[in-house]
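J.: Let me give you the structure first, and then I'll get to my questions.
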Ligand SMILES: NC(=O)C1=CN([C@@H]2O[C@H](COP(=O)(O)OP(=O)(O)OC[C@H]3O[C@@H](n4cnc5c(N)ncnc54)[C@H](O)[C@@H]3O)[C@@H](O)[C@H]2O)C=CC1
Ligand SMILES: CC(=O)C(=O)O
Ligand SMILES: [Mg+2]
C-alpha cells in the first residue's frame, strides 16, 4: 500500500518526499484527480474491470482511492463491496495480481505467530478474518473469500476513518468443498476438502493468540463463516472481537426495524415476524429484534420469542418436525404448531399472517408476487426486507416490492437497488439494510474506547445510535436508514453510542475519554479519523530529513541519496 506519488502534492512536498521527477509535473486539485478516476471507471466495460481499476488505485495511492470513495459513496461502494466484490471473490484466482492481505493456511499451523510477524505494518488496529466458507450468499469460495475481508476493511476506512495501513485482511485456508475450485489449475488455495469444526477451532485458537501477541489491542472481526457460532461463543469473552454476520447484521436490521415499526403504528406486541433463512444472519437479526421488543413492548423473553417464525430449507422451524435442530435455531423453534408442519414459505405466510417479512436465505426471488401481495392484507404498511447478498440472491427487488404493495412497503435490501419512480412521479429510494452502517462504527468505537471486549450492550447501542441518526428530512422522505453520503457522520454517532456502552459496561480502558460529554467525545472520535485529504506531515518539513541532514554534516559521498 502506498500513497507517495500523488499529483496533488506541491513542489516543496515532492522535494521533501524525494519524489520530484517521479510524478508528472502538474499540481492538480483533488477535484481534477477524482474527475480522472471517474472517467477511467466509466470507460471500463465490465464491473470486474472497474473493481480491478479501484484495487490498483488503492494499492498505488490509497489517499486518492479514499477521497474518491468518500466523495462518491453511492456510486463506488457497490464496486468495492456488495454486489461486485461477490463476483471478484468468485473469480479471485483468475483476477489475482496482488496479495493485499494475509493468506494463512492449514499448512502454516504451529508457525502462525512467526508468520503474522511477516506483515510489514508495525501497527494494526483491526483485522477482518474469513474462512471463505460462506461468502455473501455465494457459498464456499475458498481463499477467494479474502476479497470480502479487503472490501469490509475499505469501508472501515472510508466510513469510520480507521487508517488504511492499520487494517489487516486475512483469509484462513482450511480447504474448500467447492469442486470448481478444486479442479481449477489456477486456484490459489490448498487443494483439499474443507476441514471440520474441531480443526477450525484448533487453528483459530492459534491465530487468536498470534494476533494478540503481536498487536495486544487488535480488534478481530469474523466474517462469512459457514458456521460462525462456535468461534463467537468461545472468543467473545476473551478477545476484543465480534461476528459481523450475527451481531453487525442483527444491529443494522434492528435499527431499520425500529424506524419501520414506528411507521406501521402497530405496537411490538402485535407484530408477527417471518424469517426466510435461519442461519447466522437470520438468527442474529431475530435475537436483536427480540431484545428491542422486550424493552419497547414490555414483553417477557417468552412473549417476545413467540412473535418470531423462522423458516429454513426444511420449512418452519418446529420442535417436532423430526430433524435434529442446530443449536442456534432452538431458541426460536415453535412448539405451538399442534403437530402441523409447514414446508413452504407460502404455507407459513398463510398460517402466521406476518406484518414483517425478512429474507436471509440466499434464495433470489423467493418473495414472489403472490407473497408480497399477501403481505398487504395483514398490514397497511408491510415491512419487507430482502437482505440476502449479492443482488442476484435478493429475495425480491425494490421495484417488485413497490409495485405489488401499491407503494406501501417499508423496504430495505442487503445490496443496493436503483430508485423507483412511483405512479405520481415521486422518486422513492431503497433503504440498504447492510451491516456496513454499523460495523465501521462498532470497530471505531472499540478502538477509541480501547475496549477489552465487545458485548451485547455495545452491539445494541450501535443499533440505537443508527436508528436515531436520521435527519428530519430523511424521515420526511420515508427513509429507514440515513443516506449513504452521510456515512462518516453516522459512523461517528454509532461509534459514540458504542463508546458510551463500553464505559457503562466497564470495558473501556482509554483514560483520555473519562468525563467527556457527548459533543467533546464526538469531536475526539472525529479527530481520530483518517482524513485522505490531509496534507502529509512531511509537507511541514522545510528542513531536510534526518538522513540528509546527517550525511551533509558529515560530508559523506552519498549525501542526498537514501541508498
Ligand atoms: N444485509 C446484510 O447486511 C447481510 C446479509 N447477509 C446475507 O444473508 C444470507 C444468509 O447469510 P447467513 O445467515 O450467514 O447464511 P447461512 O448459510 O448461515 O444461512 C442460510 C439460511 O437460509 C436457509 N435456506 C437455504 N435455502 C433455503 C430455502 N430454499 N428455503 C428456505 N430457507 C433456505 C438455510 O437453511 C439457512 O438457515 C446471505 O445471502 C448473506 O449475504 C448476511 C449478513 C449480512
Ligand atoms: C453483508 C454481509 O456481511 C454479507 O452479506 O455476508
Ligand atoms: Mg458477511
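Glycine is treated like the rest: Cβ placed from N, Cα and C.
So TrEMBL lists the following for this protein:
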- 58-236: domain 'Malic enzyme N-terminal' (DOMAIN)
- 81: active site, proton donor (ACT_SITE)
- 134, 389, 434: (S)-malate binding site (BINDING)
- 152: active site, proton acceptor (ACT_SITE)
- 223, 224, 245: divalent metal cation binding site (BINDING)
- 246-503: domain 'Malic enzyme NAD-binding' (DOMAIN)
J.: Please report the Cα separation of residue 134 ((S)-malate binding site) and residue 224 (divalent metal cation binding site) in Å, rounded to an integer.
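T.: Taking the Cα atoms only, residue 134 ((S)-malate binding site) lies 5 Å from residue 224 (divalent metal cation binding site).
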J.: Measuring Cα to Cα, how far is residue 245 (divalent metal cation binding site) from the residue listed as 'active site, proton acceptor' in Å?
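T.: Cα-Cα, rounded: 12 Å.
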J.: Output: those recorded positions from 81, 223, 245, 389 whose CB lies less than 6 Å from an atom of ligand 1, in sequence order; none if no residue fits.
T.: 245, 389
J.: Give me the Cα-Cα distance between the residue listed as 'active site, proton acceptor' and the residue listed as 'active site, proton donor', rounded to a whole Å.
T.: 7
J.: Taking the Cβ of each of the recorded positions and counting other Cβ atoms inside 10 Å, which one has the highest number: 134, 152?
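T.: When each Cβ's neighbours within 10 Å are tallied, 152 leads.
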J.: Tell me, how many other CB atoms lie within 10 A of the CB of residue 223 (divalent metal cation binding site), whichever protein chain they belong to?
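T.: Summing over all protein chains shown, residue 223 (divalent metal cation binding site) has 27 other Cβ atoms within 10 Å.
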J.: Hey, of 81, 223, 224, which of those recorded positions are within 10 Å of residue 434 ((S)-malate binding site), Cα to Cα?
T.: none
J.: Could you give the Cα-Cα distance between residue 223 (divalent metal cation binding site) and residue 81 (active site, proton donor), in whole Å?
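T.: Here the two Cα atoms lie 13 Å apart.
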J.: Taking the center of the Cβ atoms of 223, 224, 245 at the recorded divalent metal cation site, which other residues in this chain have a Cβ no more than 8 Å from that point?
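T.: Surrounding the site, in chain order, are 130, 134, 135, 148, 222, 225, 228, 243, 244, 280.
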J.: So what's the mean pLDDT when you look at the domain 'Malic enzyme NAD-binding' (246-503)?
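T.: Taking every residue in the domain 'Malic enzyme NAD-binding' (246-503) and averaging pLDDT yields 97.
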J.: With respect to ligand 3, which members of the binding-site residues 223, 224, 245, 434 satisfy a Cβ distance under 6 angstroms to one of its atoms?
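T.: What lies within reach of ligand 3, judged by Cβ under 6 Å, is 223, 224, 245.
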J.: For a Cβ distance below 6 Å to any atom of ligand 2, name the recorded positions from 81, 134, 152, 224, 245, 389 that qualify, or say none.
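T.: Going through 81, 134, 152, 224, 245, 389 in sequence order, those close to ligand 2 turn out to be 224, 245, 389.
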J.: In terms of DSSP three-state secondary structure, what is the assignment for residue 81 (active site, proton donor)?
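T.: Going by the DSSP assignment, residue 81 (active site, proton donor) belongs to neither helix nor strand, so it counts as coil.
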